[in-house]
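K.L.:
Sharing the features that Swiss-Prot gives for it:
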- 190-276: domain 'RCK C-terminal 1' (DOMAIN)
- 277-361: domain 'RCK C-terminal 2' (DOMAIN)
- 4-24: transmembrane segment (TRANSMEM)
- 28-48: transmembrane segment (TRANSMEM)
- 65-85: transmembrane segment (TRANSMEM)
- 91-111: transmembrane segment (TRANSMEM)
- 157-177: transmembrane segment (TRANSMEM)
- 371-391: transmembrane segment (TRANSMEM)
- 403-425: transmembrane segment (TRANSMEM)
- 439-459: transmembrane segment (TRANSMEM)
- 464-484: transmembrane segment (TRANSMEM)
- 496-516: transmembrane segment (TRANSMEM)
- 533-553: transmembrane segment (TRANSMEM)
Amino acid sequence: MSDIAITISLLALVAVIGLWIGHWKIRGVGLGIGGVLFGGIIVAHFTNQYGLKLDAHTMHFIQEFGLILFVYTIGIQVGPGFFASLRQSGLKLNGFAALIVLLGSLAVIVIHKLADVPLDIILGIYSGAVTNTPSLGAGQQILSELGLTQTTSTMGMAYAMAYPFGICGILLSMWLIRLFFRIKIDDEAKNFLKESGQDKETLGSINVRVTNPNLDGLRLVDIPGFDEKRDVVCTRLKRDEHISVPQANTIIQKGDLLHLVGEIPLLRKIKLVLGEEVDVPLSSFTGDLRSDRIVVTNEKVLGKKIRALGIHQKYGVVISRLNRAGVELVPTANTALQFGDVLHVVGRSEVLNQAVSILGNAQQKLQQVQMLPVFIGIGLGVLLGSIPFHIPGFPVPLKLGLAGGPLVVALILARIGSIGKLYWFMPPSANLALREIGIVLFLAVVGLKSGGNFVDTLVNGSGLEWMVYGIFITFVPLMIVGIVARLYAKMNYLSLCGLLAGSMTDPPALAFANAIKEESGASALSYATVYPLVMFLRIISPQLLAILLWTLL
């Protein structure tokens, strides 16, 4: 067999062994995809003993391409929620998550200077301690830029030493915080439900009878809250036992019953303007009115504003809600449509079919992947990652690299949604498949490269010392931020657990946090809020650390 054939065969063997190891669980917690790294170390130990030669060029290409696939699909997945997570509702969570990253970076600097740990080793320990594989790839990229290519294998070995406690340390910090503050889980779950009901602007609906005489004879569009900004949507109007879909120019009369959809706080306010809330059923449809869900799949309407489509003006169809990437929104006339948007519409049966023909609603398209945008995005990401940014005082220009470039481009493209007929929506199943393939390829190569001397380093070298450093980098930032967030910010414990798991981008830790109170979504919500920003910071931080520490050598 050729060296290339042997290399690919061994990579497949590593993937099989590693994924099998990753399925092992102790009390519901396992290595997950990280098992591939240890599968590579095991295989590398024996290939080193038997003197098998692997093709270096093939290994290098597979490692880099796997990393690109992984970070690009991560960006496409989290892109729609990335910028939303930076808004006011997520500022506190993202602030604490960024503080964890900052404290971990400071711990790296302290250990590097006081213990005189080599740059490649401390970056590998850092990546393993925070259980973030793209961080490892970014670190190896910047070391190559600094001319330290020969040290990238030892970086992978250090990563493997620190990785196991990186997972266990998150779980331990959750348990200790719970013990220290004597937290009662049921009380925390009740408090979260109470707080989310008051603070989170969820969508709701109410039925209101118009009793304000000042509104009699006004057009619907002239009433505050129903203008073009449309903070609240009126989907049905009942007058004299007849239910209709109101238009913008519909004249409102005293005694009309209106079915309103919007954010709960806004519904409370507009109820005070209109009249009184009534318990009269308007949700059930009579006559030829019906409600439907339409998925936007027609490339011709992507990027267009709802006003430009004229659905409401031409057909009398009201779009009451818009679900985008799992987030429910109140659509306005200026809302631009994206591929995969789910619209809740109300109208007469015959005109709803015309709305479907305009918007698409082709369910099969949701399962198809446009490959052209995928490779456009990857190509743009690689180009962006190769652009040098010259920063005064730095000895070498800073680059986003193959880890940062595709991630940034994917975040932007996912936020844009579409350009012309090109759309960057990717079905969740396809995204997950590409992401898993990418990370398996990357970790398999890292394991093969670093596994030859792993056992010797652990038994006879500095392996145990590296583990101690990793424990410090994992544990100290989590405990400091956890205590501060609970003690001073009064953060809900379930949300705090999601924050700690998200700050390490660690799915096993999220599974553990969810299991604390399975029926509560607090942990998953805070995890999803901080995940996009943390992933970006975890990729950028090792590059900044490498350049900073390299200049201080």
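In case you wondered, yes, glycine gets a Cβ from its N, Cα and C as well.
What's the neighbourhood like for these features in this structure?
P.N.:
Note on the domain 'RCK C-terminal 1' (190-276): mean pLDDT across this stretch is 80.
Tertiary proximity for the transmembrane segment (403-425) is limited to same-chain residues at least six positions away from its ends with a CB under 8 Å from its CB atoms, namely 67-68, 71-80, 82-83, 134-135, 137-138, 141, 299-300, 302-303, 336, 338-340, 366, 370, 372-373, 376-378, 380-387, 532, 535-536, 539-540, 543.
Sequence-distant contacts of the transmembrane segment (439-459) (same chain, six or more residues past either end, CB-CB distance under 8 Å): 10-11, 14-15, 18-19, 33-34, 36-45, 47-48, 54, 59-60, 62-63, 65-67, 69-70, 133, 136-137, 152-157, 159-161.
With a cut-off of 8 Å between Cβ atoms, the residues of this chain six or more beyond the transmembrane segment (464-484) that come close are 96, 99-101, 103-104, 107-108, 111, 115, 117, 121-122, 125-126, 128-130, 158, 161-163, 165-166, 169-170, 172-174, 176-177, 180, 458, 496, 500, 503-504.
Long-range contacts of the transmembrane segment (496-516) within its own chain (CB-CB distance under 8 A, at least 6 residues past either end) are made by residues 28-32, 93, 96-97, 100-101, 130-132, 166-167, 170-171, 173-174, 177, 185, 474, 478, 481-482, 485-486, 522-531, 534-535, 538.
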K.L.:
Which residue counts does DSSP yield for the domain 'RCK C-terminal 2' (277-361) in the helix, strand and coil classes, in that order?
P.N.:
23 helix, 29 strand, 33 coil
K.L.:
Against which stretches of its own chain does the transmembrane segment (533-553) lie, if we need a Cβ under 8 Å and a gap of at least six residues from its ends?
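P.N.:
Here the qualifying positions are 71, 74, 78, 82, 85-86, 94, 97-98, 101, 104-105, 108-109, 112-113, 119, 122-123, 126-127, 130, 132, 134-136, 138-139, 141-143, 146, 393-396, 398-401, 403-404, 407-408, 411, 502-505.
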K.L.:
What does DSSP give as the helix, strand and coil breakdown of the domain 'RCK C-terminal 1' (190-276)?
P.N.:
27 helix, 30 strand, 30 coil
K.L.:
Residue list, the transmembrane segment (157-177) vs rest of chain: Cβ under 8 Å, 6 or more residues beyond ends.
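P.N.:
Distant Cβ neighbours of the transmembrane segment (157-177) are 29, 31, 34, 37-38, 41, 120-131, 136, 183, 446-447, 450-451, 453-454, 457-458, 463, 466-467, 469-471, 473-475, 478-479, 482-483, 486, 493, 496-497, 500-501, 504, 506, 508-509, 512-513, 516.
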K.L.:
Sort out the residues at least 6 away from either end of the transmembrane segment (4-24), same chain, that have Cβ-Cβ distances under 8 Å to it, and list them.
P.N.:
30-40, 42-43, 47, 52-55, 58-59, 62, 440-441, 443-445, 447-448
